[in-house]
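Step one of this worksheet: look at the structure below.
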Amino acid sequence: MLYKGDTLYLDWLEDGIAELVFDAPGSVNKLDTATVASLGQALEVLEKQHDLKGLLLRSNKAAFIVGADITEFLSLFLVPEEQLSQWLHFANSVFNRLEDLPVPTLAAVNGYALGGGCECVLATDYRLATPDLRIGLPETKLGIMPGFGGSVRLPRMLGADSALEIIAAGKDVGAEHALKIGLVDGVVKQEKLIEGAIAVLRQAITGDLDWRAKRQPKLEPLKLSKIEAAMSFTIAKGMVAQTAGKHYPAPMTAVKTIEAAARFGREEALNLENKSFVPLAHTNEARALVGIFLNDQYVKGKAKKLTKDIETPKQAAVLGAGIMGGGIAYQSAWKGVPVIMKDINDKSLNLGMTEAAKLLNKQLERGKIDGLKLAGVISTIHPTLDYAGFDRVDAVVEAVVENPKVKKAVLAETEQKVRPETVLASNTSTIPIGELASALERPENFCGMHFFNPVHRMPLVEIIRGEKSSDETIAKVVAWASKMGKTPIVVNDCPGFFVNRVLFPYFAGFSQLLRDGADFRKVDKVMEKQFGWPMGPAYLLDVVGIDTAHHAQAVMAAGFPQRMQKEYRDAIDALFDASRFGQKNGLGFWRYKEDSKGKPKKEEDAAVDDLLASVSQTKRDFSDDEIIARMMIPMINEVVRCLEEGIIASPAEADMALVYGLGFPPFHGGAFRWLDTQGSAKYLDMAQQYQHLGPLYEVPEGLRNKARHNEPYYPPVEPARPVGSLKTA
């Protein structure tokens, strides 16, 4: 053994070939600060070996290196800029030493090589991969850019266009594509990986392969003519401006850095990467996006822990077909859980099957599946008008009309047709689970399972624990949702649960703005372009359905009369009374026509202004800041109340529910991350300017306490240790 660290070791393999093996405690390898330091120490030993002829890098895990240790990011990002820059210089000196070894080097890559893992293998001369490879640089999705030389080496290896596509979009690619673009040199089966790697190294050692020529382009300026450079970087900047926009600075910074570094060799180019990385790491966007990643891990870990002793349903059923039922049936079948789809009429069943078939055909068109797979999935969705087969069902979700009487009747009837241990769930969006459970003989086997539309796209499923729901029932439904590829978050019961409970105060803020003379078009524009929502409130209401929102508004008002009972006729009432139900009938705040792809395209409709005039004061202009404050304060206050009342268990779960269920702008990180970034005291000062608008604008006492004591909602993060100690970690 030449060297042994906590996360990697170095040993002789054969005939002057050494192997450097990543083998961290736990299930995966991460390129954390300790591993970078250990890699430097291993290279120090290696540089003294006069008999060294070649070096093989490999992993003892199912994945090569899954990336940097993102749990370290928040503390690293708090380190002063100069100190972070010094540590990056140190880390890059380690990878440069790997790249500068006077012998051929090869990385044998299995499974994942992402972020720092990818940057590590870019420093070797050759790369062999297994068919399960996923390799790429996802840093821009975290609000940063590659910092270990990825933005320097990748363009010089692949050419500007392929590298820009991977880096700017934060992409990873599979083995076949990686081979095609030159990111790996060969793909071999796992059992042949080491044998193949040694064979390549031997060829390089004997001179049959020119490893020096392979290495040289990574040390030089990017080989691009002025015209080629202008085309590549102009197109890339245009694409990034269109897709990322101003709220996500990392992709544009990465492209501009690669452009600026193109005319330099490795050292100068790495300095430019360093100078771009450090300011990005100190942005609120990076902290928010890293926070989302960590919260996602927390939420998924919690679901995994909850279901570790639970068997996933092997046969499921959906009550109520149509678009929603068909979407749920598709998602279950697509992920391997066969489903019976029951309705009371053929028309709805046909609609549900058509929806499932449409979604499968899209997968076929994209090349994700073949005809055989499509037929196999669709055959596991069984449409029926009766309860045949329900005696074999492990889990049922009801997705009928949002009417408590109908839902109770359907659930009570179904309970008599299934086994005593079968779990029942309702896809209600607002009706309290306790109310629906009152119709059942076994309420302990019942809970809420709230999907979001469109089911196949929206990651969140709210699992609602009723007063009598058993732990086993919750765990079984969480297991089913996880199997469907969704992110389940357990919340406690109340009208609207968590997501809709906090959404309708936001809509109430919108209604009050329109009542006071705001133009809905400007409100939409400000909330989309300035705050960052994917849709403004008017557009969102049209997509949700004005009729659906009108009904839900009444349910929420009954549940929370003190705050949500309005004393005036609002825009939603006016549109509902005029049968303008939104996209579903082509008329809402906007008029909708199908575009060339058959998707609804919104257009202005002067008639809506006349309708809204009856529920609005004289038009007046509001500043962007005032619009954002009046829209967001009711939502933020309600989110805080839900945490204080135990409806949602933690800030992390609340923020992920908002991001995954409502599209809360990820660069803000969620409501609690946004609050922590603003500071509770600053938020309180802002909110108090609007408390005259009514109870929705009154800040909860818990938040006032946070402001008084300057306390954040997330645990405070301490800056990483000084860079000197990180080097020798």
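Backbone N, Cα and C define each Cβ position, glycine as well.
A strand conformation is recorded for His450 (active site, for 3-hydroxyacyl-CoA dehydrogenase activity) in the three-state DSSP classification. All protein chains shown were included, and the count of other CB atoms within 10 Å of the CB of His450 (active site, for 3-hydroxyacyl-CoA dehydrogenase activity) stands at 25. Among the features that Swiss-Prot reports, active site, for 3-hydroxyacyl-CoA dehydrogenase activity is placed at His450, with the record citing sequence analysis.
Following the DSSP three-state reduction, the secondary structure of Asn500 (substrate binding site) is helix. Annotation comment: Swiss-Prot describes Asp296, Asn500, Tyr660 as substrate binding site.
Neighbours of Met324 (NAD(+) binding site), defined as other CB atoms within 10 A of its CB across all chains, total 21. Swiss-Prot lists Met324, Asp343, Val400, Val401, Glu402, Lys407, Ser429, Asn453 with the feature NAD(+) binding site.
According to Swiss-Prot, the feature region 'Enoyl-CoA hydratase/isomerase' maps to 1-189.
As annotated by Swiss-Prot, region '3-hydroxyacyl-CoA dehydrogenase' applies to 311-729, with the evidence given as sequence analysis.
Under the heading region 'Disordered', Swiss-Prot lists 708-729.
Under the heading site 'Important for catalytic activity', Swiss-Prot lists Glu119 (among others), citing sequence analysis as support. Summarising the environment of Glu119 (site 'Important for catalytic activity'), the number of other Cβ atoms within 10 Å of its Cβ, over all protein chains shown, is 28.
Spatially close to Glu139 (site 'Important for catalytic activity') yet at least six residues away along the chain are Gly115, Met145, Pro146, Gly147, Gly150, Ile167, Gly170, Ala250, Ala254, judged by Cβ distances under 8 angstroms. The annotation site 'Important for catalytic activity' is assigned in Swiss-Prot to Glu139 (among others).
Of all Cβ atoms in the protein chains displayed, 23 besides its own lie within 10 Å of the Cβ of Asn500 (substrate binding site). In sequence order, Thr428, Ser429, Thr430, Ile431, Thr548, His551, Ala552 constitute the residues six or more apart from Glu402 (NAD(+) binding site) in its chain with CB-CB distances below 8 Å. In space, Met324 is the closest of the recorded positions Glu119, Met324, Val401 to Tyr660 (substrate binding site), judged by Cα positions. For the binding-site residues Asp296, Asp343, counting C-beta atoms within 10 A of each C-beta gives the highest total at Asp343.
Taking every pair among Met324, Asp343, Val400, Val401, Glu402, Lys407, Ser429, Asn453, the residues recorded as binding NAD(+), the greatest CA to CA distance is 19 Å. Of all the binding-site residues listed here (Val400, Val401), it is Val401 whose C-beta has the fewest other C-beta atoms within 10 angstroms.
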